[in-house]
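Trainee: One structure, pasted below without further comment.
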Amino acid sequence: MDASTSGTPTVQYHNIPDQPITTIVAAPVSAFLRQVRHCFGDSTPGEFPLAANPSIVLHVLTACNLDPQDLAKLEATCSFFRQPANFAPDYELSISELAALDMCQRRAIFKPMTDEERQSLKQRCGGSWKLVLRFLLAGEACCRREKSQAIAGPGHSIAVTSTGAVYSFGSNSSGQLGHGNTEEDWHPRQIRSLQGIRIIQAAAGAGRTMLISDAGRVYAFGKDSFGEAEYGVQGSKLVTTPQPVESLKDIFVVQAAIGNFFTAVLSREGRVYTFSWGKDSKLGHKTEPNDVEPQPLLGALENIPVVQIAAGYCYLLCLACQPSGMSVYSVGCGLGGKLGHGSRTDEKSPRLIEQFQHLNLQPMVVAAGAWHAAVVGRDGRVCTWGWGRYGCLGHGNEECESVPKVVEALSNVKAVHVATGDYTTFVVSDDGDVYSFGCGESASLGHNTALEGQGNRHANVLSPEQVMSLKQVNERVVQISLTNSIYWNAHTFALTASGKLYAFGAGDKGQLGVELVNNQTERGNPERVDIDLN
């Protein structure tokens with residue numbers, strides 16, 4: 001809140017050097033006595049009443065490099081300044097480092113880490129708790145970690161509630177719904193075998209589902225393969241209930257991404273591992289398609305923490321968090337220029353996409369469609385690149401772009417989220433408005449302008465258009481998920497801040513979670529799915 005509008009006197013900022021706590025302790029402490037810190041006055045041990053000095057609070061928040069969006073994600077100003085910290089901070093740490101460490105200790109994936117694991121993460125992030133905090137917050141923001149989410153998979157759908165319960169519906173020919181059978185389900189149905197396990201992330205591929213628990217365990221079901229093509233030979237068997245992936249039991253996983261011919265997972269330390277598709281070292285290693293052992297993604301990202309991964313058709317994007325800022329690396333197939341390096345050649349090892357530096361854009365969210373990719377910047381700008389068929393890049397044409405290009409038609413929109421599919425793109429603004437462009441097949445763009453046979457709701461859209469059908473539901477949209485497959489008809493989910501889920505697009509397999517009548521195969525307008533994700 002602006003102090004000038006609230007009636008609160010403006011607090012004058014004092015430029016206080018980032019100094020160790022030892023420099024402000026009032027008196028020396030005898031070597032044989034337990035050291036007791038008194039930051040100011042006669043506070044009891046463990047209390048840090050820094051809120052008594054607003055200039056120090058401002059200094060710490062500035063030193064932590066947190067903008068208003070970051071602070072909003074923390075839900076309140078760090079309680080370090082308002083309450084006892086309840087831990088004995090290191091004398092060598094500065095005030096801002098202590099505040100950052102206190103905030104880190106309140107993050108879900110940081111809490112269970114041992115001291116050794118925490119120190120290792122600190123060094124990996126650049127040797128600062130402030131950089132660790134930025135790494136943790138970036139991962140939470142772009143992946144909806146610990147929040148409700150919906151996944152529009154190829155023919156089937158997964159919904160995760162804020163409490164970690166999982167519902168599935170749609171096509172089930174390979175057991176990908178996890179209910180112990182291979183029967184289609186047209187209504188959301190909870191996976192009962194997961195009771196007692198809190199799921200925080202989900203990924204859906206053709207005939208396959210992967211879930212990640214808050215304990216870092218990965219559960220998979222459906223096709224028993226990490227690397228087959230969407231219409232390739234099925235794995236050696238079908239798994240119809242969630243089973244832990246034993247080869248990942250020693251890795252604390254926070255995200256999974258399923259692409260054609262390969263699967264990737266991300267550890268809480270920011271390391272990327274891939275399964276399969278190692279033929280000719282396409283992902284920096286040589287493995288067979290049926291390999292079930294994770295291989296670390298080496299090369300440029302070996303010592304750089306990654307906060308998000310996104311898999312498309314034979315390629316992988318990695319959003320990395322470095323002391324100098326956020327960056328994007330790509331690896332895999334370069335057809336259509338989807339790797340973003342100015343060419344269409346393949347990359348066998350992760351390579352930095354340099355164009356963002358030229359655009360002066362800090363990437364915050366990445367999305368990998370089948371043949372094109374997109375990024376949302378910290379300033380709300382949206383960039384797209386790759387194959388531009390059907391206008392999926394939003395530049396008003398169908399041309400390819402081999403390096404990221406800003407979508408100028410969204411210059412008046414501050415974006416916070418982007419989702420990509422097979423030649424389709426959705427953008428969510430900071431006020432919850434939704435824009436879409438690209439292929440209109442299956443009515444998955446949400447532009448249902450057809451009235452009594454007039455108009456064409458399947459029309460392709462070359463430039464971003466606001467999805468007015470979602471505007472009419474009077475709900476603030478926070479996440480969009482759409483089918484990312486070149487073989488399946490697409491459907492789309494819109495998740496609102498209140499936990500309501502709306503679906504539209506193809507529904508011939510029950511993947512919308514709503515009933516279709518009169519031989520319908522799709523839904524043009526958003527339909528409320530009977531499930532409350534909050």
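Using N, Cα and C of the backbone, Cβ positions are placed for all residues, glycine too.
According to TrEMBL:
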DOMAIN    148-481  domain 'RCC1-like'
REPEAT    164-215  repeat 'RCC1'
REPEAT    216-269  repeat 'RCC1'
REPEAT    270-322  repeat 'RCC1'
REPEAT    326-379  repeat 'RCC1'
REPEAT    380-431  repeat 'RCC1'
REPEAT    432-498  repeat 'RCC1'
REPEAT    499-534  repeat 'RCC1'
Trainee: Give me the DSSP three-state residue breakdown of the repeat 'RCC1' (499-534), ordered helix, strand, coil.
Mentor: 0 helix, 18 strand, 18 coil
Trainee: Taking residues 6+ outside the repeat 'RCC1' (499-534), which of them lie with a CB under 8 Å of any CB in it?
Mentor: 148-150, 152-153, 155-157, 159-162, 167, 169-171, 184-188, 442-444, 446, 448, 450, 457, 469-470, 473, 475, 482-483, 488-493
Trainee: Treating G and I as helix alongside H, and B as strand alongside E, what does DSSP give for the repeat 'RCC1' (432-498) in helix, strand and coil?
Mentor: 7 helix, 25 strand, 35 coil
Trainee: Report the mean pLDDT of the predicted model across the repeat 'RCC1' (499-534), rounded to a whole number.
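Mentor: Here the predicted model's pLDDT, averaged over the repeat 'RCC1' (499-534), is 91.
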